[in-house]
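Trainee: Okay, handing you the structure first.
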Amino acid sequence: MSLQATPDDKFSFGLWTVGWQARDAFGDATRPVLDPIEAVHKLAEIGAYGVTFHDDDLVPFGADAATRDGIVAGFSKALDETGLIVPMVTTNLFTHPVFKDGGFTSNDRSVRRYAIRKVLRQMDLGAELGAKTLVLWGGREGAEYDSAKDVGAALDRYREALNLLAQYSEDQGYGLPFAIEPKPNEPRGDILLPTAGHAIAFVQELERPELFGINRETGHEQMSNLNFTQGIAQALWHKKLFHIDLNGQHGPKFDQDLVFGHGDLLNAFSLVDLLENGPDGGPAYDGPRHFDYKPSRTEDFDGVWESAKDNIRMYLLLKERAKAFRADPEVQAALAESKVDELRTPTLNPGETYADLLADRSAFEDYDADAVGAKGYGFVKLNQLAIDHLLGAR
């Protein structure tokens with residue numbers, strides 16, 4: 001088993017991950033600023049194929065045009081030297097005080113107009129660098145007090161902004177798909193579009209819903225006490241998984257951004273199994289495996305790069321374990337015993353109507369519910385087999 005990443009693995013990292021200075025609400029930074037050029041080269045060394053960034057991760061907020069052009073040129077040169085690509089870009093609408101009440105949904109109209117301009121500029125840069133997706137995380141879109149935000153009006157303004165972004169992308173020939181990233185809270189007390197379900201429903205109200213999907217993040221979904229793997233499966237079912245952020249999280253608390261698999265390990269295993277093996281034996285998702293984590297505040301730069309490598313190692317280990325799980329004849333027998341594949345058989349026969357079903361006495365009148373109800377499904381055995389493979393016991 002090789003734990004060396006290749007470009008085919010499509011591992012990517014955000015500049016804000018390895019570049020996090022480890023400043024939090026209770027303490028100052030424990031690491032200095034990381035030059036984006038150095039980050040690109042180091043990520044290439046550990047086997048990443050891509051790097052992503054917010055606009056302000058690369059170019060400091062408020063930089064003049066000449067400074068911006070110089071930074072972008074240097075970054076582009078580093079991409080050329082390393083072969084890394086930019087699969088996704090996003091926009092920082094949460095750090096500067098101007099966004100304290102949001103960007104697209106700020107009560108202040110001038111802020112909303114400024115936010116849209118900021119995103120349009122990042123779309124231009126993303127297209128220039130070959131980005132394939134624009135992620136939209138509305139971290140400040142929300143409120144702490146119910147009386148402070150007209151939610152219906154806020155959703156109108158959200159829709160207005162996203163419709164304009166889609167039109168701009170099409171008119172410029174960018175063809176960028178957009179991925180909305182849900183999160184229930186933090187930094188706002190309550191964030192609009194808090195879960196994938198909210199976001200997918202909202203997308204249906206847009207002028208070009210086919211251009212919009214979601215970016216699901218492990219920690220964000222588990223903060224809502226939701227099952228990440230089930231949510232990813234539903235997003236795939238809707239054909240709305242446009243991007244994915246992988247990290248670790250211990251249940252519904254603050255956003256921990258741990259190394260992938262360093263939180264709910266069993267759910268991480270089932271997720272990799274879904275992404276790599278899918279329901280039919282082939283990959284269910286062909287996009288980047290993007291790590292959105294924060295190197296722990298306790299670590300120096302050596303620890304930063306070790307933790308970055310650990311994300312890759314964890315994914316590849318889980319991928320290998322999931323492959324062994326699926327190849328195990330006892331697992332296949334347990335899946336059959338649990339009737340997992342039978343769920344893919346339509347409940348109705350081809351062409352069958354409700355009249356036909358009502359006429360079928362075996363479906364109800366002659367159905368022995370007590371006998372069927374007495375049978376076990378063997379789900380615990382199946383789960384134990386998964387754990388055995390996860391722990392390397394098989």
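Cβ coordinates are placed from backbone N, Cα and C, and glycine is handled just like the others.
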Trainee: From the candidates D146, D150, D245, D257, give the one listed by Swiss-Prot for the same Mg(2+) 1 site as E181, E217, D292.
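Mentor: Candidate listed by Swiss-Prot for the same site: D245.
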Trainee: What's the CA to CA span in angstrom from D255 (Mg(2+) 2 binding site) over to E181 (Mg(2+) 1 binding site)?
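Mentor: The Cα atom of D255 (Mg(2+) 2 binding site) is 14 Å away from the Cα atom of E181 (Mg(2+) 1 binding site).
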Trainee: Between the recorded positions D57, E181, where is the Cβ count within 10 Å the lowest?
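Mentor: If we count Cβ atoms within 10 Å for the recorded positions D57, E181, the smallest count is at D57.
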Trainee: Other than E217, H220, D255, D257, which residues of the same chain sit close to Mg(2+) 2? List them in sequence order, counting a residue when its Cβ is within 8 Å of the Cβ centroid of the site.
Mentor: K183, T218, G219, M223, D245, N247, Q249, Q256, D292
Trainee: Within 10 Å of H220 (Mg(2+) 2 binding site), Cα to Cα, which of the recorded positions H54, D57, E181, D292 are there?
Mentor: E181
Trainee: Quick one: give me the count of other CB atoms within 10 A of the CB of D255 (Mg(2+) 2 binding site).
Mentor: 21
Trainee: Which of the recorded positions H54, D57, D257 has its Cα nearest to the Cα of D292 (Mg(2+) 1 binding site)?
Mentor: D257
